[in-house]
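Q: Pasting a structure below so you can have a look.
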Amino acid sequence: MGRSDLTMTLQGLDKHLKIACDMPEFKRGDRWQDLDIMNWTVVDKFQKPIQTDSASCGLFMLNCMEYWTGDILSDNFTQKDMKEFRRKLAVILLETELNKLKGSPIYYRADNEENVSDNEENVSDSDVEFLEDRKRKRQDSHDGAEDKSPLRNPIMAADPQDLVDELCHHIMSINDATSLE
């Protein structure tokens, strides 16, 4: 992060902290006497970037939050560690009690109705099918122009009737007669 990015980030943080301080329910506490962020001394803890790609900044941020003691990182991690952490994070998010899909029919295996987490150790990379990003044709164009609109990300229904309703809604949204046949 460059110095101009750092300055803008600190200015934004300072602005939002001042807004929070003005709220009646805000309790300052004893630990944070100096809330004037713009006067804090900036100490560079990293001499060189540890992230080498442009896609894992969020993963690095989560690792820094997890391992930061206030003075140092309690664990060292590199770009190579992000591949495994990405998988670990997916499992954490899937298994959290805040996961609204947990317990829904889509969360269970159809073959033996066992919970996905019960068979975690039996899952390998060969069990996963990676789909290529298929280009979609615009439905309002006959010249084969590519559809740039985002794919819909439907909320999975939690009970069988909701699943049937979602399926019917999806079928009714199909405008291509060949696909419907």
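The backbone N, Cα and C atoms fix where each Cβ goes, glycine too.
Because TrEMBL annotations are produced automatically, they should be read as predictions rather than curated entries.
Fair warning: this is a prediction, and the values are worked out from it, not measured in the lab.
As annotated by TrEMBL, compositional bias 'Acidic residues' applies to 113-130. Feature annotation from TrEMBL assigns compositional bias 'Basic and acidic residues' to 140-150. Annotation source TrEMBL lists domain 'Ubiquitin-like protease family profile' at 35-92. Annotation source TrEMBL lists region 'Disordered' at 112-155.
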Q: Return the average pLDDT for the domain 'Ubiquitin-like protease family profile' (35-92) as a whole number.
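A: Taking every residue of the domain 'Ubiquitin-like protease family profile' (35-92) together, the mean pLDDT is 88.
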Q: With helix taken as DSSP H, G or I, strand as E or B and everything else coil, how many residues of the domain 'Ubiquitin-like protease family profile' (35-92) land in each class?
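A: DSSP classes over the domain 'Ubiquitin-like protease family profile' (35-92) add up to 26 helix, 2 strand, 30 coil.
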